[in-house]
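K.L.:
Pasting in a structure now, in structure tokens, and then I'll have a few things to ask.
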Amino acid sequence: MADITVTEHLLLHQKRTPQATGQFTGLLYDLILSGKSISRRINKAGLLDILGGTGEVNVQGENVQKMDAIANRIMLYRMERCGALCAMSSEEEAELVRVSPEFPRGDYILVFDPLDGSTNIDVNINVGTIFSILRRPEGHTGEVTLEEVLQPGCRQVAAGYILYGPSTMLVLSTGQGVHGFTLDPGVGEFLLSHPNMRIPEQGHIYSVNEGNWKNWDEPTRDVLQWFHNCETPDGTSYSSRYVGALVADFHRTLIYGGIYLYPPDRKKPQGKLRLMCEANPLAFLAEQAGGKASDGAGRILEKQPDRLHARTPLFIGSAKDVEAVERIYARCAQA
Ligand code: F6P
Ligand code: MN
């Protein structure tokens, strides 16, 4: 098979989608370029004194790693200049970042987590950049307001991630299925390696930080006990896997099936993960691949964010596994 580059793939989709403009393709192109720059820095992190923390604590109350700050700067710098955006929201920035008037502005809004799972970087384990692309609501001009940005995930026009692992991979959906591309470092291009990714209907892996057990309520413990005891269609038990980088745990779930869970707990009653820059983009990919994403009671993509850094519980992966979680919570709520 001839290699298809991500640029060729995007241009093909642009031709097939009448509403797609060159502006949108340009946005993705610059996003991919930012991902390549971050990938290069990460590959050399151990050699460049860019491991470890900056000593600062971010808006989320987490220690900022040097690579978090570098990835954030790369994204903000390049994307502000891409000409397709009017605003950005980063996990590392407390406020909305409006594109400066000195640059051309477009109709899109980019929400991103510059380096998910960054505490893994010191031990040379996968991290990734997660992104969500929204369109400014029709008819709005002038300075972008926060209300325009606070859209439910079902309004995303594209979402994806770049996973910096043994290979660097881009996993992307523009609403026409999910496609995976692997970076060929020699050529410097992402090549289509995983066309039309689909999540198996039921998996054999559950992925959760079980160290939180003592802080979980009874319904959540019931959910976990379900996965301890249930069987796959071929009669084997579920296995447990937890990288501790959402993007990596999700990537495995997308390919093998199963479920990733970050339930609410006593210390984090709203859950830990960010709705707009983590849960929404991955929920979009999960649904596009035939899977599901829920907060335990309903669809992630229908949740109305009340602020940029709103948090949510997250149950994501194979449709049957996510449905089992919703069933258990619903049964407990009735009891
Ligand atoms: O961004 C939040 C995050 O680092 C995710 O990547 C990861 O899945 C999760 O937190 C890990 O949280 P914990 O350390 O509580 O298991
Ligand atoms: Mn993250």
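Going from the start of the chain as shown, residues are counted 1 onward.
For all residues, glycine too, the Cβ spot is worked out from N, Cα and C.
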K.L.:
If I go by TrEMBL, which of GLU8, GLU231, GLU278, GLU287 binds Mg(2+) 2 at the same site as ASP113, ASP116?
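P.N.:
Record source TrEMBL; matching candidate: GLU278.
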K.L.:
Out of GLU91, GLU138, GLU143, which is the one TrEMBL records at the Mg(2+) 1 site of ASP113, LEU115?
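P.N.:
So, going by the record in TrEMBL, that would be GLU91.
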K.L.:
Going by DSSP, how much of the domain 'Fructose-1-6-bisphosphatase class 1 C-terminal' (199-329) is helix, how much is strand and how much is coil, in residues?
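P.N.:
Taking the domain 'Fructose-1-6-bisphosphatase class 1 C-terminal' (199-329) as a whole: 57 helix, 23 strand, 51 coil.
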K.L.:
For ASN209 (substrate binding site) and GLU91 (Mg(2+) 1 binding site), what Cα-Cα distance in Å is obtained after rounding to a whole number?
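P.N.:
ASN209 (substrate binding site) and GLU91 (Mg(2+) 1 binding site) have their Cα atoms 21 Å apart.
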K.L.:
Please report the Cα separation of GLU278 (Mg(2+) 2 binding site) and TYR242 (substrate binding site) in Å, rounded to an integer.
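P.N.:
The separation of the Cα atoms works out to 17 Å.
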K.L.:
Among ASP113, ASP116, ASN209, please name the binding-site residues whose Cβ is nearer than 6 Å to ligand 2.
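P.N.:
List returned for ligand 2: ASP113, ASP116.
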K.L.:
Could you name the residues, excluding ASN209, TYR242, TYR260, LEU261, TYR262, LYS272, of the same chain that surround the substrate site, i.e. Cβ within 8 Å of the Cβ centre of those residues, in sequence order?
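P.N.:
In sequence order, the nearby non-listed residues are SER207, VAL208, LEU246, ASP249, PRO263, LEU273, LEU314.
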